[in-house]
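Asker: Right, I'll just put the structure down here and ask away after.
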């Protein structure tokens, strides 16, 4: 009894002094710092972000982006992550830019997890700490928030926007919407969710549907009341839609790349749905323990029917929306997973109401061996899956491109080739590291396949067929006449393509190191 009271006092002291936030932040910070502690980049776009920060030292807005020939960036470039790059600029001359990116990613990921914990507690989600730990079992999200810049920062403003919305903080929501539009092309999410929230609030079960079967005046009165136009309602709830719409419009218009940013926004929101499908099976497998928790929650809901709250209904709808989008494109995967975690916490709140872990243990589990064993097994499964996924991923980080990836080839090209020479790589993702170490040359394709300009679409298709080995016929015609490439870089892992090119008299080997061959195209 003494030990139990002591544990209770310690836990109460930690929570009453808000130390739980600090402890959680430090633990998560240590976890992500450990994941980042390798001389590699899991995402090659990190080289691009580093280079953008360096280029923006002299001018925060680039007049053009002439380094990718298959895009229209030279005429209509827009930096969709402009605000993130501005965040990096002050540190460029102070620390190594690669270390800055890694540290900021760790910091933002830790802030995101801590903010989610705060969000669940503030909105009375059930067992916030448990569901935060459950979130860490979702390896795709862990990877994206720790290595894919600026995913964590985008999700932070997603949570902030949601919190301001459901608490009807209009001015704060306006500012958050402006920042969201400057930060990412996913800003359209907030107005859509605002519409859903207003509709849910309008039709939520406070007014029976038979009100609408009466005369028009009665229906009109109900609608006006629900929207908050009458003084007996709390605030004008329709203003959340106005705040988000006006906010994203202001953010888009004051964006330094206006109006070119509209093209990038379209490609981010819609074009990606066509080319980046992940598939439902892959999605469910990769979120591991969360899938188990979802199935368990559904089973409990079926057994024990409860009335869902407005907030639960909101997250049911937006989680379903993000699920459909995530199946179509991996760009929406992080929104789906974090929304699903919130939904699970809210569902269990509605199911169990005021029951705590203490109540569940003493009223259900303590004196029942079967329940106790089941609980221990379930917790053990979550812990094993979480740590196993993270440890496996950590062991693979050394296989990703090193921070010096293709540095030798890029610097040779920089100092031994004419400016603006067009370099084509057999791995199109390698353009980012080449671009970081060599901005004197230009490259055929990079950033994302969805940015390919329509006039280069056929040539790009021929390029992918050539590099994937589907065809080797007319390689010179494709590379020199169609793409107009001056140099070809082949990675050391592509021996088959290298053997073919080395036998072609129109390709002259001019550079060779441990990572790549470079050929001059005659």
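Cβ atoms here come from the backbone N, Cα and C positions, even for glycine.
Remember, predicted model here, so these are calculated numbers, not experimental data.
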Asker: Would you mind telling me which of 311-329, 330-348, 349-367, 406-424 TrEMBL tags as transmembrane segment?
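Answerer: It is 311-329 that TrEMBL annotates as transmembrane segment.
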Asker: Taking residues 6+ outside the transmembrane segment (97-120), which of them lie with a CB under 8 Å of any CB in it?
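Answerer: Counting only partners 6 or more residues beyond its ends, the transmembrane segment (97-120) has Cβ contacts under 8 Å with 20-21, 24-25, 28-29, 32-33, 36, 41, 46, 49-50, 53-54, 87-88, 91, 128-129, 131-132, 135-136, 145-147, 149-150, 152-153, 155-156, 159-160, 162-163, 338, 341-342, 345, 403.
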Asker: Which bits of the chain, at least 6 residues beyond where the transmembrane segment (172-205) starts or stops, bring a Cβ under 8 A of a Cβ in it?
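Answerer: Tertiary neighbours of the transmembrane segment (172-205) are 80-84, 150, 153-154, 157-158, 160-162, 164-166, 223, 226-227, 237-238, 240-241, 243-252, 254-255, 261, 264-265, 267-269, 307, 310, 313-314, 317-318, 321, 335.
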Asker: Which of 127-160, 238-258, 311-329 has the most Cβ pairs closer than 8 Å to the transmembrane segment (21-42)?
Answerer: 127-160
Asker: Six or more residues beyond either end and a Cβ under 8 Å away: which residues meet both conditions relative to the transmembrane segment (127-160)?
Answerer: 20, 24, 28, 31-32, 35-36, 41-43, 45-46, 49, 81, 84, 87, 101, 105-106, 108-109, 111-113, 115-117, 119-121, 176, 179-180, 183-184, 186, 189, 286-290, 293, 333-335, 337-338, 341-342, 344-345, 348, 357, 382, 385-386, 389-390, 393
Asker: In the same chain, which residue numbers or ranges, 6 or more beyond the ends of the transmembrane segment (238-258), come under 8 angstroms Cβ to Cβ?
Answerer: 60-61, 77-79, 82, 161, 165, 168, 170-171, 173-182, 187-188, 190-191, 194-195, 197-198, 227-228, 264-265
